[in-house]
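Single-structure report; data block below.
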Amino acid sequence: MTRLFGTDGVRGVANVNLTAEQALSLASAAVELLGAPGRSAGPAQRPRPLVVVGRDTRPSGEFLEAAVVAGLAASGADVARIGVAPTPAVAHAVAASDATFGVMLSASHNPMPDNGIKVFAAGGLKLPDEVEDAIERRMAQPPGPRPVGADVGRIRDEPGLLDRYADHLLAALPVRLDNLRVVVDCAQGAASALAPRVLRAAGADVIALHADGDGAAINDGSGVTHLDSLRAAVVDQAADVGIAHDGDADRCLAVDAAGEIVDGDQILAICALALAERGELADDTVVVTVMSNLGFHHAMREAGITVVTTPVGDRYVVEAMRAGGYVLGGEQSGHVVFLDHATTGDGLLTALRLLGRVAETGQPLGELAKAMTRLPQVLVNVRGVDRTRVDTSPQLRAAVAAAEAELGDGGRVLLRPSGTEPLVRVMVEAETDAVARDTAQRLAAVVRAALPAPR
């Protein structure tokens with residue numbers, strides 16, 4: 001049976017393969033498995049678990065939120081709804097309110113018809129695989145006895161938790177942004193109101209783009225996966241920096257004054273060097289995923305910074321950071337984790353820390369981005385194949401080995417099944433774009449031939 005949870009929660013087309021019934025069942029199972037330890041959590045010795053619930057702006061978020069809230073309350077959990085909010089705001093609210101766990105409804109950068117469910121454990125941490133598996137197993141079983149009378153959960157709106165998150169973000173900014181002109185692309189998502197508000201409170205001159213909160217247009221030609229309009233706006237508005245978020249604002253990418261993209265690897269490099277300069281980079285180590293560009297590794301090695309590598313997914317980055325006591329980690333895609341201030345990738349926090357570095361150094365972002373030189377990287381998404389056999393195909397293994405031999409020390413190959421979409425990702429880095437592109441296309445053809453979709 002296909003696993004319900006992917007690398008970042010549950011995702012699917014809302015009302016097709018992510019239904020209200022599933023959302024209610026998942027919420028009930030989560031209370032049963034995560035709720036018991038929280039019944040006595042917090043200074044008030046609560047009689048029932050407390051669960052924080054937030055969502056992005058997608059139209060389907062309303063009925064899925066209603067289903068989740070119903071499942072939680074019917075299973076005996078109190079619910080604190082914070083409404084439309086970034087994913088990291090839910091994680092922060094769980095920790096700040098000493099909640100038992102939290103639920104975020106979002107499909108991140110996916111198109112509008114999709115939606116998803118992310119669950120945060122006590123303290124605001126994403127669930128480990130074994131807990132997600134336990135929730136899936138419980139969902140497959142008949143429902144147990146439900147509370148009655150005064151034992152059912154209560155539901156209340158708690159917008160103040162979002163205000164506490166905004167205050168927390170501003171407290172993590174080391175300097176004011178008074179002289180910076182910033183364009184922020186909110187992707188019509190969860191940060192549409194909050195990101196411009198926080199940046200203005202920090203002193204920046206803000207031009208908000210795709211920030212109406214129109215969930216029907218979430219991620220449509222905007223945000224971290226569609227940077228063209230942001231690049232144009234930065235140049236047209238003579239801005240210093242452009243900031244892009246995705247639908248749930250757990251990611252941040254940037255654009256410099258010339259309209260050039262600054263990706264997650266470059267942001268990490270800038271922040272790692274800044275922390276190291278201040279003696280605040282624990283063990284002089286940064287944590288990244290296997291997708292990180294070789295140029296990042298080269299730059300960190302030259303700076304005397306150790307790089308720890310994990311599988312794709314910011315929760316794996318966080319797990320490695322917590323295990324090693326590290327404070328900075330992230331992904332090329334723009335998930336950046338400042339573990340002293342957050343428990344998950346936080347796009348707004350990342351934007352503030354990046355802009356703070358621009359402000360405190362007085363250097364343009366384009367100059368700071370020279371902290372690393374990216375090797376040409378080509379990513380090909382191969383659809384319509386059996387992604388479950390990526391690691392077991394002899395034909396594919398042979399093709400990868402041959403490509404790696406050709407590239408030598410000047411490049412690398414990575415093939416992996418997506419954890420959030422039905423496809424296989426082929427990534428190649430090389431010393432020239434032409435070599436990377438040719439190698440990636442040849443490997444993609446082998447993937448199509450070796451991994452035909454099951455009939």
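Positions of Cβ are set from backbone N, Cα and C atoms, glycine also.
Annotated Mg(2+)-binding residues in Swiss-Prot are ASP246, ASP248, ASP250, and among SER108, SER192, SER333 the one listed with them is SER108. Listed in sequence order, PRO86, THR87, PRO88, SER108, ASP314, HIS335, THR344, GLY345, ASP346, GLY347 are the same-chain residues six or more apart from ASP250 (Mg(2+) binding site) with CB atoms under 8 A from its CB. Less than 8 angstroms from the CB of ASP246 (Mg(2+) binding site) sit SER108, HIS109, ALA187, GLY189, ASN219, GLY223, VAL224, THR225, GLY334, GLY347, each of them six or more residues away in the same chain.
Residue density at SER108 (phosphoserine): 31 other Cβ atoms are found within 10 A of its Cβ, drawing on all protein chains shown.
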